[in-house]
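S.K.: From Swiss-Prot, here are the annotated features:
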DISULFID  460-483  disulfide bond
DISULFID  475-486  disulfide bond
DISULFID  488-497  disulfide bond
DISULFID  499-538  disulfide bond
DISULFID  516-536  disulfide bond
DISULFID  530-541  disulfide bond
DISULFID  543-552  disulfide bond
DISULFID  554-569  disulfide bond
DISULFID  557-567  disulfide bond
DISULFID  560-572  disulfide bond
DISULFID  600-611  disulfide bond
DISULFID  613-622  disulfide bond
DOMAIN    585-623  domain 'I-EGF 4'
CARBOHYD  73  N-linked glycosylation site
CARBOHYD  167  N-linked glycosylation site
CARBOHYD  409  N-linked glycosylation site
CARBOHYD  505  N-linked glycosylation site
CARBOHYD  655  N-linked glycosylation site
SIGNAL    1-26  signal peptide
TOPO_DOM  27-725  topological domain 'Extracellular'
């Protein structure tokens, strides 16, 4: 009995709790609704807000939830509310390509949407890459003098090219065209126009801009023959007219033979840079490229001297519009320039390095084609007042839905689901309420059409009738009925326009004061006139500065941008897609997601698409820690190590796709090896032991541009020491040291002797000589007198 009683109590408690939560939610909705002062603002405040147009409705708030309006006796037929609708009209199942029928790669194909302003409708869109889908591959080749070996290689690889394409799809066609540059000064010397190879002491074809050699065909021998019969030409500068030629390949649909349902690919092969829009001025060509086909019957581009080169934007838009992908197969010397170009149109372009003689072109075609079919991206033509956001987990590549309209590394035959959020941000200025929107795959003629109907603004606001007799009667003939409320004539106010704006005619002061009190509220201000924040003037609150609302119950929104937010009782309620205290941030954190997949490296917050880093972190993604290693340096280190080892002949990097691609296995990072990095750039260090067993320090820098990663690497290969030379150096060094020591010793001795001799001479100069007074010379001297002197020649003893 006790157990049964406990269970009963528990059930009663749960029912009470659910009812309390539901009541709380309803009150929350009503709080958002009740401050809307017009039908349109009411329906925009919340999806469940409704407006009462009942003439007999007595409650002050006409904008509440449908349930609350019915509770306050608003007639059900006079309630105008939001009514969103989603209905799928065509939903063919996904299927692969068959010769008797076309493939279906997108489902559903058509749907109906009724949109409510400020409300989001979510619908599911599925995509699956079809097997054996048709491929149209057009080879556009630079045939200037430096590409002569590449032409010969392509000619020899014709049969192998056929087999390569068969391995990719069983339904393919090939076309061929060539280009050089505009045949005029300064692109070519006039005297060399007929033979631009004269400087090389050779003969070649006169310079031309673009020549269409072979329309798309499944005849491989015809393709090989077209390549073989094409002639080498030349130009003066190192810039080519590739964009001129590419524009013609794109827009000359009939001449090239593009098939609408095929995957259309242009592979542009060159070893030079491109002329861009404006370069034509150098040749006196001022007319802008008209994006029209100008091929004569021989396939020659006749507008080369009439129209400037196209811009990258013009090329990009035409590629998108006609669903054509472009592969830039370029040499290593110019690849960095094409990486930057491809980053501007990454969803429809691919760049890879071409070997010096184009011998790797088959591998390049296979690799780039597989990369293209592994990527799917959707775009739409929605007007600016309708927002469309895409969410997907890319077939399980992410643990949760990510805000993105593309997926990489899509497996052939695997279904990818996208969830499309469609939101009506505002009503169109032209008051057109039916629209057609196409959501299409950017590389294929696969799409979903949306028939969109916009829920019109409140109908009662569209046809005001100031002269309606019944409406004027209800408004005391001093106004007219407008959406269930009296719109008073000048000089009158009040619920029924029975209060003159001249205060001297007030008949019932207490009745007018009552109109300045909130009709129902749980707040303590319900008995206060104008919430104690204003004065009651003829039944209408005149609010003090800083307050607003019918009863001055709300603070003003000082920082709300009216274009981005609505002010509801002192709070900025951001419109769809905007956030922040001032609603000036679009709420998209995609720009703050670094290569590691983390928002601001988990060291900051994303505000207005920029990382606001915590102290002491720095960098675009807060990846730099002044006291520790750079987080992105560590992220890229395995990839760079692998690339350096591969370049230095230490083996093939087998897991390159895994460690050198983004988290969703996007195409391998573009990279470039240089002899020396810019010392002004912040460099990352990678330390590895080379094949000689020597530890070497190499350096690299990374660039992240619109989620595309670029690596520039300075690989240092430390060579082993030359022992013979080392012994020679040591011996020579030892000999030099010995000679130096001997020289120093000799110099020291000589210097010492010189000092002592100088001292001796100085002492000699300063010495004084005199005899000692007590000194007696031991030698006596006697002098014989002259008288006793004898001549030596006389004999004194002679007689």
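Glycine residues also receive a Cβ, built from the backbone N, Cα and C atoms like all the rest.
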S.K.: Run through 572, 600, 655 for me and report the recorded positions whose CA is within 10 Å of the CA of residue 622 (disulfide bond), in sequence order.
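M.R.: Qualifying among 572, 600, 655: 600.
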S.K.: Please list, for the domain 'I-EGF 4' (585-623), how many residues fall into helix, strand and coil according to DSSP.
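M.R.: Its residues divide into 6 helix, 12 strand, 21 coil.
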S.K.: When the number of other CB atoms within 10 A of each residue's CB is tallied over all shown chains, which of the glycosylation sites 73, 167 has the maximum?
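M.R.: Of 73, 167, the one with the most crowded Cβ is 73.
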S.K.: At 10 angstroms around each C-beta, which of the disulfide-bonded residues 460, 475, 530 has the fewest other C-beta atoms nearby?
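M.R.: Across 460, 475, 530, these disulfide-bonded residues, the one with fewest Cβ atoms within 10 Å is 460.
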S.K.: Which recorded positions from the set 499, 530, 541, 611, 655 come within 10 angstroms of residue 516 (disulfide bond), judged by C-alpha positions?
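M.R.: Checking Cα-Cα distances against residue 516 (disulfide bond), the recorded positions within 10 Å turn out to be 530, 541.
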S.K.: By the count of other Cβ atoms within 10 Å, pick out the sparsest of the disulfide-bonded residues 483, 499, 541.
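M.R.: Among the disulfide-bonded residues 483, 499, 541, the lowest count of other Cβ atoms within 10 Å belongs to 483.
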S.K.: Taking the Cα atoms as reference points, how far is residue 460 (disulfide bond) from residue 497 (disulfide bond) in Å?
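M.R.: So the alpha carbons of residue 460 (disulfide bond) and residue 497 (disulfide bond) sit roughly 19 Å from each other.
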S.K.: Taking Cα atoms as reference points, which of the recorded positions 73, 409, 488, 554, 600 is nearest to residue 536 (disulfide bond)?
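M.R.: Minimum Cα distance from residue 536 (disulfide bond) across 73, 409, 488, 554, 600 lands on 554.
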S.K.: What does the structure give for the C-alpha distance between residue 538 (disulfide bond) and residue 483 (disulfide bond)? Integer Å is fine.
M.R.: 23
S.K.: Taking the Cβ of residue 567 (disulfide bond) as the centre, how many other Cβ atoms fall within a 10 Å radius?
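M.R.: So the number of other Cβ atoms within 10 Å of residue 567 (disulfide bond) is 18.
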S.K.: Which ones are near residue 569 (disulfide bond): of the disulfide-bonded residues 475, 552, 557, which have a Cα within 10 Å?
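M.R.: Of 475, 552, 557, within range: 552, 557.
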S.K.: For the C-alpha pair, I'd like the distance in angstrom between residue 497 (disulfide bond) and residue 475 (disulfide bond), rounded off.
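M.R.: Cα to Cα, residue 497 (disulfide bond) and residue 475 (disulfide bond) are separated by 6 Å.
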S.K.: Reported as an integer number of Å, what is the Cα distance between residue 541 (disulfide bond) and residue 552 (disulfide bond)?
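M.R.: Given the Cα positions, residue 541 (disulfide bond) is 7 Å from residue 552 (disulfide bond).
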S.K.: Judged by the number of other CB atoms within 10 angstroms, which among 497, 569, 611 is the least packed of the disulfide-bonded residues?
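M.R.: Minimum Cβ neighbour count within 10 Å, taken over the disulfide-bonded residues 497, 569, 611, occurs at 569.
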S.K.: Calculate the per-residue pLDDT averaged over the domain 'I-EGF 4' (585-623) and state the result as an integer.
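M.R.: It averages 83.
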S.K.: Return the single residue from the glycosylation sites list (409, 655) that has the minimum number of other CB atoms within 10 Å.
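M.R.: Per-residue Cβ counts within 10 Å for the glycosylation sites 409, 655 bottom out at 655.
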S.K.: Distance check, please: Cα of residue 73 (N-linked glycosylation site) against Cα of residue 543 (disulfide bond), rounded to an integer number of angstrom.
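M.R.: The separation of the Cα atoms works out to 30 Å.
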